[in-house]
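Chemist: Here you go, one structure.
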Amino acid sequence: MKSWVIGNWKLNPTSLEQVQHLVTDLVEGVDAQTRSMDNCHLMLAPSFLHLSPVQQALNANSSTLKLAAQDVSALSAESGAYTGDVSAKQLKDMGVQWVIVGHSERRQYYKESNAVLLKKLLNSAEQGLGVILCIGESESDFEAGHTEQVLDEELQVIADFLQQLKPEQAGYAEQNLIIAYEPVWAIGTGKVPSVEQVTQIHRFIRQQLHSFDNKLDTTPVIYGGSVKPENAADFAASDQINGVLVGGAALQADSFLAIAKCFNN
């Protein structure tokens, strides 16, 4: 199974000029350093505003970098009177291939529930977009030993999603789903769980996916939370960690590519 290294730019950079410099550095870095990166998929998730210029830069350079959006509308897969939303169809038309759903920041600030996330999953599937579903526990839940309980509740959206897929969408989930385990207490804090802890949690996630449908046994399960070049090799050494969702380190081309190299080995 190929690894996935996904850069979530969040609300960065602040100017188009900075975006253009970053994507240029990434494309040139991939061309110069990682042409032989056969074991790793690379993906960028810029803000909605910067999807178009990033896609144009990738197309102009025939880059193998994939493009993801950081969110997608739950209200419509196509169009409608939903001010501020961006639909799966609009994203697909822009060249987006994947969407991030359920990031802890959206769960926290926008109070996104499993019911909302289910709609986003279904809308993405309707347009053939892949989904990176983020799950993770708070520090208090982690310290109380409630990690598995929280993850089980958050993963239930996958069970509901599978039940609501249309017959013609059979096979969608096993080809277009990535689970990103991001402990909330590790995101941007510098606190990092041990590789052993993440490995054990990923095994639990796989068990839950298998209980929903054994065809999900090959679903990539990746880790996110203060991933840096300094710790990437440790995570890459675990056979249960199929890649990483990178935040701050994705805003520097050298750092992002250094992480990618760890997962190409």
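First residue shown is number 1, and so on along the chain.
Placed from the backbone N, Cα and C atoms, the Cβ positions cover glycine too.
Keep in mind that this is a model prediction, so the values were computed, not measured.
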Chemist: With N8, W9, K10, S226, G247, G248 listed by Swiss-Prot as substrate-binding, which of these, G29, G188, is given for the same site?
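Modeler: So, going by the record in Swiss-Prot, that would be G188.
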Chemist: Which value in Å gives the longest Cα to Cα span across the substrate site residues N8, W9, K10, G188, S226, G247, G248 as recorded?
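Modeler: Those residues reach a largest Cα separation of 14 Å.
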Chemist: Which secondary structure state does DSSP assign to N8 (substrate binding site), in the simple three-class scheme?
Modeler: strand
Chemist: For E182 (active site, proton acceptor), which residues in the same chain are close in space, meaning a Cβ under 8 Å from its Cβ, but six or more apart along the sequence?
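Modeler: Correct list: H103, S104, C134, I135, G136, Y223, G224, G225, L245.
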